[in-house]
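> Questions regarding the structure given below will be posed in turn.
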Amino acid sequence: MSIATSLGFPRIGRRRELKSALEAHWAGELSEAGLQEAARLLRAESHSLQQGLGIGHIPSNDFALYDHVLDTACMVGAIPPGYGWRGGEVTLPTYFALARGTGGGDAAAGLPALEMTKWFDTNYHYLVPRLAAGQHFAVTANRPLALFREALARHRRTRPVLLGPVSFLLLAKTDDGSDPLDLLDRLLPCYAQVLAELAAEGCAWVQMDEPVLALDLAPKARAALRHAYETLARGATPRLLLASYFAPIADNLPTALALPVAGLHLDLVRGRDDLAPVLAAIGPATWLSLGLVDGRNVWRADLRAALATAREAARALGGSERLMIAPSCSLLHVPVDLAQEDRLDPAIRPWLAFATQKLAEVATIARGLDEGEGAIAEALEASDAALRTRRDSARVHRTDVAARLLGATPEMERRPAPHAARRARQRQRLPLPAFPTTTIGSLPQTSGVRRTRAALARGEIGAAEYDEAIATWTEDAIRLQERIGLDVLVHGEFERNDMVKYFGEQLDGFAFTRHGWVQSYGSRCVAPPIIWGDVARPRPMTVRWARHAQSLTARPVKGMLTGPVTMLQWSFVRDDLPRETVCRQIALALRDEVADLEAAGLAIIQVDEPAFREGLPLRTADREAYLRWAVSCFRLATAVVRDDTAIHTHMCYAEFQDIMPAIATMDADAISIETARSRMELLEAFAGHGPSAYPAEIGPGVWDIHSPRIPPEEEILALLRLARRKLADDQLWVNPDCGLKTRNWREVIPALENLVGAARRLRAEAIPA
């Protein structure tokens, strides 16, 4: 008999209970004990649900209060100096100091948070472990064991999930730039201890996540994997299920298959080609976990096709006794339960599956494999019907959108003049000071803003009253920015609920959920739109409020749009068309909006692409094609303006070195990037030398907005001085790392005042009186 299993379940709860508990704790309204009890209840509910769905191997230690990579760092004592940790179990205040920084308004006493970056090619963010060259590791507390015992007390024998030692090190950074893998022998005793204690407790299986197997690995990394698992195998351990996901294991398969582990998990949604070579080479006693249900998207599985794949594997293995049926990856990346969605279009709803439904699909496939098609005939018929109605829907496939795509030409992707010529015309139109100051876009969305939006949604206020409130907040924001002294203003985006949802709600082809939340980082949750059909813009989306804001001030106000690649990346995308095609549909819709903003008098239009690198395939061989169409889509959306209109863009935390040619080819007039946590390290990619230098203007973030800490003026000035060493003065803008929507005005006003003050001091240094 096969085993239905899961690699991980969403942490946040059906109603975002984790978010509520965390934010209450941070506000001083919930004790540490209360927070831990809320977490315990969430874990119990998750395990009960999975057991009820027929999941045989239920994961534990897939839950984290903030981030599972941070949990691993805390477990092995990888705490940087300065956070007050002196050994022993890491306290909750220290844990949150690492995650969020400390100090608040007391900047002098504050500590910065750990650097944050994207988890592979997803929109989940992890905290980057910071290691010393001679890092000492020690188990501070065996959290996997504690959570195994917690579940065991509820009569559930779970399979703990650990981030594997090699992936942990490759996801980390060292203070001196040395190779983290050099620390492997120091780290392995911690893993050996954790595994031995789990084995002694009667734990049968442990899931070891080594997602770096989906990357192009150097020989040293492959050798590290062999050394790590051979070392661990010499000790007392439960059976290990080695899990990789997000891309094919491909040329790392010989390494994975040679490791002394009891089982191997394959992502057969993104790595279907791995199956045949694994079936041909897998050991006679090794278990195989088949990731047949997409753990990263919301579409219902093709149960008949999945069952056929499971049968193929069973035939090759001589039966289903060594097979596990699973999602492709952790279900962290999808919403919890479709059953909560009572307002979805009834035509679209049958095409979808969230985490709960996906585990039901997993259990159904396992049952069909073991008992035959007849046992799941009703489920197979429902799956077939959903696929058929989606394929044949005239709402999904629109002839007008197809015709416009066919009519798009390469000329539509080219600006009239090169950047140098455009820069002169833009500066003539907007004579800004050296080191101009601005923000990235959004301003704090206070409880009053959220209450007003909710009141409109509930029908408690009308559109006129809502619009009056938005107009008031917008004018207040303009006046505040003028008083602070910012050079280029934003309207604040008070009318926007989310930088993707706001646009998707006004575009054809998008659907929205009420409870479709997924974790981005910590307590930050997003509800991605679902792109279910061809995309088109029925009417202008942002022009009204942009025009209104510009009418209130003589200073330039930026038009603010979310770019086509980010709209794609931060949505659940239809899987019946190539992603490139969907992105071009979005680009054409945004092109019309860009043209309308320019016609409304906006001199700067910012088209944000924070997810541009996030879409980069994990495998090098696949990247050129992605970058080609991603750049093409950005240019298709933006190359509609005159030379004296500036196109800005913004990108979030990422490693830019390997995509710099593509970023330059986007042909934006200015780019802002998140650099505060890395202390301008990311600027190295943009500085370059000669032809490799980024040709346009750059705004390196000087204030980490993901932390409540207020950076002092001296700190911002120091970062700007670092930036001046890498960039020409006429390239440098001064701005925060990201939008300010999630911060409050008590943090934002003094931080912006410090930012403007630092820019003025920098001007004085650069241009002495």
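Here the Cβ of each residue, glycine as well, is placed from N, Cα and C on the backbone.
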> Per Swiss-Prot, which one of Lys118, Lys501, Lys558 shares the 5-methyltetrahydropteroyltri-L-glutamate site with Arg16, Glu17, Leu18, Lys19, Arg524, Cys525, Trp570, Glu614?
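So, going by the record in Swiss-Prot, that would be Lys118.
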> Given Swiss-Prot annotates Ile440, Gly441, Ser442, Glu493 as L-homocysteine-binding, which of Asp596, Asp608, Asp622 belongs to that site as well?
Asp608
> Write down the one residue from Cys583, Cys738 that Swiss-Prot lists together with His650, Cys652, Glu674 as binding Zn(2+).
Cys738
> Using a 10 Å cut-off between Cα atoms, which of these recorded positions sit near Cys738 (Zn(2+) binding site): Leu18, Ile440, Gly441, His706?
Ile440, Gly441, His706
> Among the binding-site residues listed here (Lys118, Ile440, Asp608, Cys738), identify the one with the smallest other-Cβ count within 10 Å.
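Candidates: the binding-site residues Lys118, Ile440, Asp608, Cys738. Fewest Cβ atoms within 10 Å: Lys118.
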> Can you tell which of Arg16, His650, His706 has the most other C-beta atoms within 10 Å, given these are the recorded positions?
His650
> Which of these binding-site residues is closest to Ile440 (L-methionine binding site) if you go by CA atoms: Arg16, Leu18, Cys525, Glu614, His650?
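Smallest Cα separation from Ile440 (L-methionine binding site) among Arg16, Leu18, Cys525, Glu614, His650: His650.
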> For Ser442 (L-methionine binding site), identify the closest of the binding-site residues Leu18, Lys118, Cys525, His650, Glu674, judging by Cα separation.
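Considering only the listed binding-site residues, the nearest one is His650.
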> According to DSSP, folded down to helix, strand and coil, what is Asp608 (L-methionine binding site)?
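For Asp608 (L-methionine binding site) - judged by DSSP and reduced to three states - the answer is strand.
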> Give the helix, strand or coil assignment DSSP yields for Cys652 (Zn(2+) binding site).
coil
> Measure from the CA atom of His650 (Zn(2+) binding site) to the CA atom of Asp608 (L-methionine binding site) and give the result in Å, rounded to a whole number.
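Asp608 (L-methionine binding site) to His650 (Zn(2+) binding site), Cα-Cα distance: 5 Å.
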> Reported as an integer number of Å, what is the Cα distance between Glu614 (5-methyltetrahydropteroyltri-L-glutamate binding site) and His706 (active site, proton donor)?
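That comes out at 18 Å between the alpha carbons.
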> Given Cys652 (Zn(2+) binding site) and Lys118 (5-methyltetrahydropteroyltri-L-glutamate binding site), what distance in Å do their CA atoms have, once rounded to a whole number?
9
